[in-house]
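Each remark here refers to the structure printed beneath this line.
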Amino acid sequence: MFTRLITTSALTGAIALTIGSQAFAQTELAWWHGMTGANNEMVNELSKEFNESQSEYKIVPVYKGNYPETLNAGIAAFRSKQPPAILQVFDAGSGVMMAAEGAIVPAAEVLEKGGYKFDKSQYLPGIVAYYSKPDGTMLSFPYNSSSPILYYNKDAFKKAGLDENKPPKTWPEVFEAAKKIKASGASPCGFTSTWLTWIQTENFAAWNNVPYGTNENGLAGTDVKLEINSPLYVEHFQAIADLAKDGTFRYGGRTSEAKQLFTSGECAMLTESSGGLGDVVKSGINYGIGQLPYYEGHGPQNTIPGGASLWVFAGLSDDQYKGIAEFFNFLSQSKIQVKLHEKSGYLPVTLAAYEETKKSDFYEKNPGRETPILQMMGKEPTENSKGVRLVNLPQVRDILNEEFEAMLGGKQDAKTALDNAVKRGNAAIAAAQ
């Protein structure tokens, strides 16, 4: 939570501003984002609520495409000296933004410009640490943090003779359930997944406590060598490739496209961000939630944050920075965090909002909704599960996706795909140093 710092001069200025408020034009703050569907509706709702809560600043949300497209649009806008006030950057883009010293103003500094002091002890530690420098300085505001979970179609489970109240816990159990669902005709497809990079490699590493790369996956140093071709990865992706041969596993796309395969009833199981919940609920499907599957003897350890955070560029006016600070403070309020969490499935970033949600019996009334939080906070992180930080993670993800697509298309096996991904990824990381 943020504590307001009030000085005599600030109070005098506030009184003067109130008296002469009509003489000042409203400061508009463009918020570029990559949210669609129910999450886009939430962006618009929160912007409207903030705008109606005061008259000095106006948040103007602008959809700029999917997460990678939004990041690229923001970088291009900064280079042309026309950046938005606020840019939503997905987790993979954090390393890119952190490396752009001089191009961004840390969120903690923005808050200070607005008269607020950031108290990181009031936030979920894993989330704040992910978006902070080693010295603890918060670089971006964690707007929509998420954790990957398993969604499953209860009706399809019942038709296939599976227990609709007992989601599979391990990957072998998921694969067996997928085969039964496909063979029984309960659904045309047993299993799909969004974000093969974030969920099936980065979180796979953390949740199963195996290294993604050297140097603590990049958190202990930028000279990283990928290790995603070790035996457990090969076993996992070969199982997925085998299921893809007859359509038991169906590939939807590189980001969140596969969610449509689940909400349409095409596929009976989906690994997806907890932030995808809004669209799942909106679809009306009879769904259940389970924890992210793991391999016995390896997991479960802890998941790492996904979603996105809000970054602020350098070169804005003092009025803009003050307005952004007010907006960040607004977003940190418990009532706002509770609303965002309950409606969207994203995690409440403050401990106060989490406690308030628990006290309301929300989790008892909505089984599975606490799962993504417990996954992230359940165990102390290891060297393998603190996160992944590469200066060019979006580029490395593209390389992995190309190899996965060739594998799923039957052009190569999992070991070849992962060996190629490591070789190409390491070359790209070295070139970006």
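Along the chain as shown, residues are numbered 1 onward.
Heads up, the Cβ atoms here are built off N, Cα and C, so glycines get one too.
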According to Swiss-Prot, Tyr67, Asp91, Ser273, Gly307, Tyr346, Arg397 bind sn-glycerol 3-phosphate; so which of Ser132, Ser140, Ser146, Ser230 is the extra one listed there? Ser146
Can you count the other CB atoms that lie within 10 A of the CB of Ser273 (sn-glycerol 3-phosphate binding site)? 26
Cβ atoms other than its own within 10 Å of the Cβ of Tyr67 (sn-glycerol 3-phosphate binding site), all chains, total 23
Asp91 (sn-glycerol 3-phosphate binding site): tally of other CB atoms within 10 A of its CB: 23
